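Data first, discussion second: the structure below is written as structure tokens.
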Amino acid sequence: AVMGRNLALNIESRGYTVSVFNRSREKTEEVIAENPGKKLVPYYTVQEFVESLETPRRILLMVKAGAGTDSAIDSLKPYLDKGDIIIDGGNTFFQDTIRRNRELSEEGFNFIGTGVSGGEEGALKGPSIMPGGQKEAYELVAPILKQIAAVAEDGEPCVTYIGADGAGHYVKMVHNGIEYGDMQLIAEAYSLLKGGLNLSNEELATTFSEWNKGELSSYLIDITKDIFTKKDEEGKYLVDVILDEAANKGTGKWTSQSSLDLGEPLSLITESVFARYISSLKTQRVAASKVLTGPQAQPAGDKAEFIEKVRRALYLGKIVSYAQGFSQLRAASDEYNWDLNYGEIAKIFRAGCIIRAQFLQKITDAYAENPAIANLLLAPYFKQIADDYQQALRDVVSYAVQNGIPVPTFSAAVAYYDSYRAAVLPANLIQAQRDYFGAHTYKRT
């Protein structure tokens, strides 16, 4: 696959000779033919491939997550020696990584489940890397990982030891969930600016370009400004001819499922997963649009003022999403005994990965100041933003509701913020109801 090829080329570019193997002989030959003069050495049997490596062997697996990973590991095992290291760089479900780590360590092998973010380009030029597994095995591969990782502005490589067994893949899963949330928040901002102000694509590009110079500076805002003005071969704006059905690979779903297992209110990211699901009901939505009534969007008033409100709402929404995501990391760390370092995790997201953003430094700073902080919203910087920006978020959500513009993640952000700051919630009534019909008992205040 492209990710595997690009990681191999990245490693080779740092002065290493890389043995390569693919089940398909043609694919192996293709990679070698496309990269003449590179220190890539092809092998056509698993045995020859494994025997070409110096011990302890460091084998990077890049295969489709699931049964394919197990069969690849099974094919390697007969030729491995005790202490050899297998690194799984796929988008693997963390529970599978926990299982594989346990099974392989019982046989004397090391297994490092590694999240890799940055897409195909990141794999080649420097991704963000999230390794989890045996600490001593990580130390043996750390020099290579540090050389191939993205480098943040302060010169630090975007890789750090995450924790035992499935910790690396868990952090990658939450990273992907946060990515879903970021993308949906941006999509809702776009919808509001189009629906409320009727901005042209050029105006949208200018707006996002301005936003990218400030607090919202990030990879996703940066690419979005370019997307607005991209045209197809007929000269039409590409974004306007793309069908409004967002696909997904299931990693956002895993994050939400884990939040339910841990009892964590990951509402914003979960709404972003649901938003993709409802977008895929295109036929039903078109039919429903002819039957179900609602308000037509009215102009949102002063242009500059509304743009600034949406910008503030977007930034505060993003903060709520990360607060929920990092709160879930804390719950998972407690549940699985990982001892995660949240400030370091935010640090390795600063370059190479899809969610890279200027404000991640603020998260690192918050944890440096108070490693035990229960929720990022309580950190002084984020509390100040919430104080200053919540009215904009409330105004934008109110406008959207009054004008029939769906804003599931903006709405989730304000609902979570108000629930989290509520000393008293109406859950007492729910407890009374539960006790009434099921003798579930209750606690008195």
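Glycine residues also receive a Cβ, built from the backbone N, Cα and C atoms like all the rest.
Annotation comment: Swiss-Prot describes A1, V2, M3, G4, N22, R23, S24, V63, K64, A65, N91 as NADP(+) binding site, evidence class similarity to another entry. Annotation source Swiss-Prot lists substrate binding site at N91, S117, G118, G119, H175, N176, Y180, K249, R276, R434, H440. According to Swiss-Prot, the active site, proton acceptor annotation covers K172, on the basis of similarity to another entry. Here Swiss-Prot flags E179 as active site, proton donor.
In this structure the C-alpha atoms belonging to H175 (substrate binding site) and A1 (NADP(+) binding site) are separated by 22 Å.
N91 (NADP(+) binding site) has its Cα within 10 Å of the Cα of none of the recorded positions G118, E179, Y180, R276, H440.
Reduced to three states, the DSSP call for Y180 (substrate binding site) is helix. Sequence-distant neighbours of M3 (NADP(+) binding site) (same chain, six or more apart, CB under 8 Å from its CB) are M62, G89, V116, E120, A123, listed in sequence order.
Around the Cβ of H440 (substrate binding site), a 10 Å sphere holds 12 further Cβ atoms from the protein chains shown. Put plainly, the binding-site residues A1, N22, K64, N91, Y180 were compared by Cβ crowding within 10 Å, and the winner is Y180. Ranked by how many other Cβ atoms sit within 10 Å of their Cβ, the recorded positions K172, H175, R276 place R276 at the bottom. Of all Cβ atoms in the protein chains displayed, 21 besides its own lie within 10 Å of the Cβ of E179 (active site, proton donor).
Ranked by Cβ neighbours within 10 A across all protein chains shown, the binding-site residues S24, G118 are led by G118.
Take N91, S117, G118, G119, H175, N176, Y180, K249, R276, R434, H440, the residues named in the record as contacts for substrate: the widest Cα to Cα gap among them comes to 49 Å. For the residue listed as 'active site, proton acceptor', the nearest neighbour among the binding-site residues A1, K64, G118, R276, judged by Cα separation, is G118. Nearest in space to A1 (NADP(+) binding site), taking C-alpha to C-alpha distance over the recorded positions G118, E179, H440, is G118.
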